[in-house]
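What follows is one structure encoded as structure tokens, with my remarks underneath.
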Amino acid sequence: MMNSSQTLVVKLGTSVLTGGSRRLNRAHIVELVRQCAQQHEKGHRIIIVTSGAIAAGREHLGYPDLPATIASKQLLAAVGQSRLIQLWEQFFSIYGIHVGQMLLTRADLEDRERFLNARDTLQALLDNRIVPVINENDAVATAEIKVGDNDNLSALAAILGGADKLLLLTDIEGLYTADPRNNPDAKLIPEVYDISDELRMVAGDSISGLGTGGMATKLQAAGIAGRAGIDVIIAAGNKPDVISDVIEGNPVGTRFHGLESPMENRKRWIFGAPPAGEIIVDHGAETAICEKGSSLLPKGIKNIKGDFSRGEVICIRSLSGKDLAHGVCRYNSDALRLIAGHHSQQISQILGYEYGAVAVHRDDMIVS
């Protein structure tokens, strides 16, 4: 048993909470709460990222026959979110532990000030021995402001909470060399130090659970958290004492090792914030950014996707679509469209103003 206190984010997907059925599996949730409470009592800090609001809403309303629309999903989430937090509160109260609900959207994470506010709230809950229960605010989130899935949300929560480890609980034991339900020769991959393209291909062929996130989104989450120095473990939610094993460092599931030299807090935000748009760059800019550590100049920009403001985080991509870097843009999308392909000396002439010679400065950039 490790003596030092750890901060652990536990992400529970819909498949874990329902056991693959239409109802929330309360007995299983109680067991997971027992494990969390046990570690909480030992001085560890636990953060819950929970799915299941839509499933809880559907169950509470008696499985209504609703059209498969965004409005119907948001209706179910609005009804179910209160039921879901009541369950967590009820089960943690068995052990005398309070919970605090945090509902987040992408907008809370891509704006630096709101990111810091969310971080301060999360830290205040942890400092007061309250277990944060986090979910995406599905009742109000639109496609433009959704993080997209709770795997990536849990990685962002791990960054917000300064976590040591992120545990992604699912319905299989971890990442396999192939889908174990279709291939009897599939083998569990116990440890990962680098998320290669080959590994992404393996994950892309593997489906996990009934929710929005499969194994591919879990690899995305592992990449985000790993860059911040956070270990990520994918494991089966029904494995006995899985949370204790993760805290104690026992081999379980697939462990993705975080970087030994994690990025500073500002760069954690840059890498963690969902991009507000994309900048497509030419081969020269790609080489300058990836091999020389240079800033992005307007001259190297070929295309801009999306609408974003100055100071927002954007994704820089190659002509082939490869994710090269994330960074804080010094010009808004409209201005970039005007100066793209031009020399920096022409910025003031084209726009009538300038915020410097670069579109994204290397100090405000994280290379992927």
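Note: Cβ is positioned from N, Cα and C throughout, glycine not excepted.
Swiss-Prot annotations:
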type	residues	note
BINDING	K11, T170, D171, T212, G213, G214, M215, A216, T217, K218	ATP binding site
BINDING	S51, D138, N150	substrate binding site
DOMAIN	276-354	domain 'PUA'
Cα-proximity to S51 (substrate binding site), 10 Å cut-off, over binding-site residues K11, M215, T217: K11
Assigned element (helix, strand, coil) containing T217 (ATP binding site), judged by DSSP: helix
Distance [Cα-Cα, Å, rounded] between T217 (ATP binding site) and N150 (substrate binding site): 9
Packing count at S51 (substrate binding site) (other Cβ atoms within 10 Å of its Cβ): 29
Fewest Cβ neighbours within 10 Å, where candidates are the binding-site residues N150, T217: T217
Distance, K11 (ATP binding site) to N150 (substrate binding site) (CA atoms, angstrom): 8
K11 (ATP binding site): tally of other CB atoms within 10 A of its CB: 30
